[in-house]
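Chemist: Annotated transmembrane segment per TrEMBL: 12-31, 69-89, 101-118, 138-158, 170-192, 198-223, in sequence order.
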Amino acid sequence: MMLSFFDQFASPIYLGIPLIALAIALPWALYPAPTSRWLNNRVLTLQGWFIARFTQQIFMPLNPGGHKWAVMLTSLMVFLFTLNMLGLLPYTFTPTTQLSLNMGLAVPLWLATVIIGLRNQPTAALGHLLPEGTPVPLIPVLIIIETISLFIRPLALGVRLTANLTAGHLLIQLIATAAFTLATSMPVVSLLTASVLFLLTLLEVAVAMIQAYVFVLLLSLYLQENI
């Protein structure tokens, strides 16, 4: 029996073994592998169209140097999208509600964009810390502020994804509990609550897709600044 609303975010354990690794690896088994045939089925065609459209949308503003990241960021988008959507199913666990997982994805990728900028164009990368035309007395303050904002970026990436998914899951459980409790005493109110729950579920589906897209989009913007 669930002791609190936050117990749904605890990593499930079976026979003393955490199942978060299985939850992370499972999405890759759901996608069909491309075949060597000239004509693919509808699922493979739709999958290829979606990946092609997403790659074109993300990498259109980037110069050819940033296109090397296409496979990595597209795979990350599909991975986050699948985890978020699977987490909306009943009796499932959403790994992307864990801040440790999201920070483990955000920090290395953000750090890679910074290192690329410092290696390829160190002057321009360091120039972001001090806007052009800044008065001399404000130079130390602005450098400190811009440095702090630079290091906050990976934290914002991880916290944004975690907070949005956690809040959505909590709202769904709270409204579902209210609808179930009011079913016997106030059926009309319970029906209205169930209608709100249905609309909230549709909204959460949209949030699951949008947050995966925003995560990768912000990484591409950070990459654009450093190439």
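Cβ atoms here come from the backbone N, Cα and C positions, even for glycine.
Explain the structural surroundings of these features, please.
Modeler: Nonlocal intrachain contacts for the transmembrane segment (12-31), taken as residues 6+ away from its ends with a CB within less than 8 angstroms of a stretch CB, comprise 47, 78-79, 82-83, 86, 92-93, 95, 98, 101.
Within the same chain, residues 23-24, 26-28, 30-31, 51, 54-55, 58-59, 95-97, 105, 109, 161, 165, 169, 201, 204-205, 208-209, 211-213, 215-216, 219-220, 223 sit at least 6 positions outside the transmembrane segment (69-89) and bring their C-beta atoms closer than 8 Å to a C-beta of that stretch.
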Chemist: With a Cβ cut-off under 8 Å, give me the same-chain residues at least six positions beyond the ends of the transmembrane segment (198-223) that come close to it.
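Modeler: Tertiary neighbours of the transmembrane segment (198-223) are 54, 58-59, 61-62, 66, 69, 73, 76-77, 80-81, 84-85, 87-88, 105-106, 109-110, 113-114, 116, 153, 157, 160-161, 164-165, 168-169, 171-172, 175.
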